[in-house]
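Going by TrEMBL, these are the annotated features:
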BINDING   Arg165, Asp214, Tyr215, His216, Pro217, Leu218, Ser219, Lys220, Thr221, Ser279, Lys280  ATP binding site
COILED    379-417  coiled coil
DOMAIN    133-424  domain 'Protein kinase'
REGION    418-522  region 'Knob domain'
Amino acid sequence: MAPAIDPQLYHHQGLQHGFENMGLGENTTANAAMNAYDFTVGASVNPYAQTGVDMFYQPQQTYQHPLNYHLYAPLAPYPQKLQPFQKNIHGFFLPDNLREELQKKADATLQTLPAISSILPPSIEEYHQLVPLDISNQKSAQVFGYPSWAYKAFSSEDGNAYALRRLEGFRLSNEADIRIVQRWRKVLSANIVTIHDAWTTTKFGDSSIVFVYDYHPLSKTLAETHFGPNPRYPNPTRQHQPTGPIVPEQVLWSYIVQIASALRVIHSAGLAARVIEPSKILLTNKMRIRLNCCGIFDVIHPETTRSQESVRECQQEDLIQLGRLMLSIAFNTPSAIQYPQKSMEYIGRHYSIQLRDSIYYLYTGSTKNIDEYVKSIANQAFQNFDSALHYEDSLESALSRELENGRLVRLLCKFGFINERPEYDHDPRWSETGDRYYLKLFRDYVFHSVDESNNPVVDMAHVLTCLNKLDAGVDEKIMLVSRDSMNCFVVTYKEARPQQVQTMKFDLLLATYLRSFMVPSC
């Protein structure tokens with residue numbers, strides 16, 4: 001799910017036209033507010049209206065709010081061939097690309113729109129601060145049969161961000177039809193966007209149904225990734241007969257294994273996905289994909305879930321749709337399903353026999369159930385699992401760096417609570433005398449050192465080394481000098497570590513104090 005919308009990109013007229021098409025332009029109060037407040041949101045034209053790309057998430061290239069990513073960016077000249085005992089400053093922190101990605105996702109999650117009355121409902125059920133994730137001036141009912149819109153919103157119950165999928169103009173004929181969402185809530189898979197709730201509403205000025213899903217910032221659909229204006233694997237010819245393999249085979253197998261894993265969970269629960277198409281599959285992180293919008297068809301077409309025979313037919317259709325999806329991605333064009341024979345010939349020339357046969361059995365409906373298909377690709381599933389474990393190792397290694405940094409930040413927080421508290425000069429528990437005085441001088445020794453020319457010493461290695469030794473309470477001796485240079489103390493790190501820093505009561509107090517700032521406001 002891509003970042004929320006930058007309110008300074010386009011003129012408000014484009015947004016007003018978009019809201020009119022979303023069924024919100026008939027409200028004269030909303031139009032007056034739009035004219036009185038000149039701002040814009042998102043894109044004035046839906047770039048995916050003609051390609052069928054799902055607008056559930058905005059693309060990454062629309063991101064307009066860079067943070068201070070340069071704070072730890074490495075600068076030339078770069079050290080070469082470091083010894084095992086050597087490390088540069090960047091080795092203490094997350095890799096730059098991973099840190100930047102996480103910061104962008106956090107920024108995208110927290111972005112909101114200016115408060116303008118009557119344009120969008122201020123709240124729907126427990127969700128508030130709605131941000132439209134798809135501003136288009138063309139209604140599309142290609143997938144569900146109803147115009148579909150997506151919003152990001154925050155829950156007043158837990159403060160988390162969720163994605164709301166709205167189907168415009170839908171009327172629920174039987175209240176029992178929506179109860180199937182409760183069955184979908186129990187379907188938990190790493191390759192499915194989890195659904196949480198669904199209800200009908202008239203707060204948009206029409207009869208609509210809203211589905212609540214997890215919000216995945218900066219995600220892209222497979223349609224955008226492979227068939228969009230800036231595809232991940234561009235085809236120079238863009239013809240029906242490309243000259244060479246464009247999409248690597250390991251990428252295709254990764255998609256197949258993950259989707260098959262999701263279908264296995266869904267089918268074992270007695271349900272069918274029914275959304276196996278590029279515009280409804282999200283690439284949430286590197287090679288991680290998730291099925292999106294599951295459960296919607298079961299609500300708007302409940303007759304397909306009322307008999308086991310209908311469910312089995314839908315499950316069989318899931319496998320056929322998976323074959324069509326992989327045929328299109330392998331051929332690198334969505335029109336590949338219109339030329340199945342040529343597409344299969346191309347796959348046979350450029351990919352392995354196992355991949356060709358696997359896609360063929362899916363596409364022709366020869367595979368009867370998902371369990372049978374999973375057995376046939378077991379070797380590829382193990383390879384995909386091995387790659388996932390390697391990626392997990394790299395993330396764990398990066399996390400271990402921040403684990404140490406978090407411990408030192410916690411120690412610095414204690415410094416901030418104890419040092420420079422003049423209001424407690426006569427309190428023996430807080431006064432800067434005795435072992436507390438050592439802590440004050442230690443702070444100066446770590447952060448306020450100067451060289452022989454009286455220039456500040458800015459050495460991160462010195463800071464980290466001293467803090468680690470203090471936290472461990474080692475017996476190494478250091479010399480602490482008072483600010484007036486009249487007093488000098490030779491103490492160990494263990495002696496400089498006052499009892500107040502070590503007490504469990506203080507640790508619990510600090511944890512409670514910091515946690516109070518993390519509780520989201522409603």
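Just so it is clear, glycine is given a Cβ too, placed from its N, Cα and C backbone atoms.
Curation plays no part in TrEMBL annotations; they are all automatic predictions.
Residues 91-95, 98, 250, 253-254, 256-258, 260-261, 286-287, 354, 439, 443, 464, 467-468, 470-471, 501, 506, 510, 514 of the same chain lie 6+ residues outside the coiled coil (379-417) yet bring a C-beta within less than 8 angstroms of a C-beta in it.
Across the residues annotated as binding ATP (Arg165, Asp214, Tyr215, His216, Pro217, Leu218, Ser219, Lys220, Thr221, Ser279, Lys280), the widest Cα-Cα separation comes to 17 Å.
When other Cβ atoms within 10 Å of the Cβ of Arg165 (ATP binding site) are tallied across all protein chains shown, the result is 24.
There are 26 other Cβ atoms within 10 Å of the Cβ belonging to Thr221 (ATP binding site). Summarising model confidence by region, the coiled coil (379-417) averages a pLDDT of 85.
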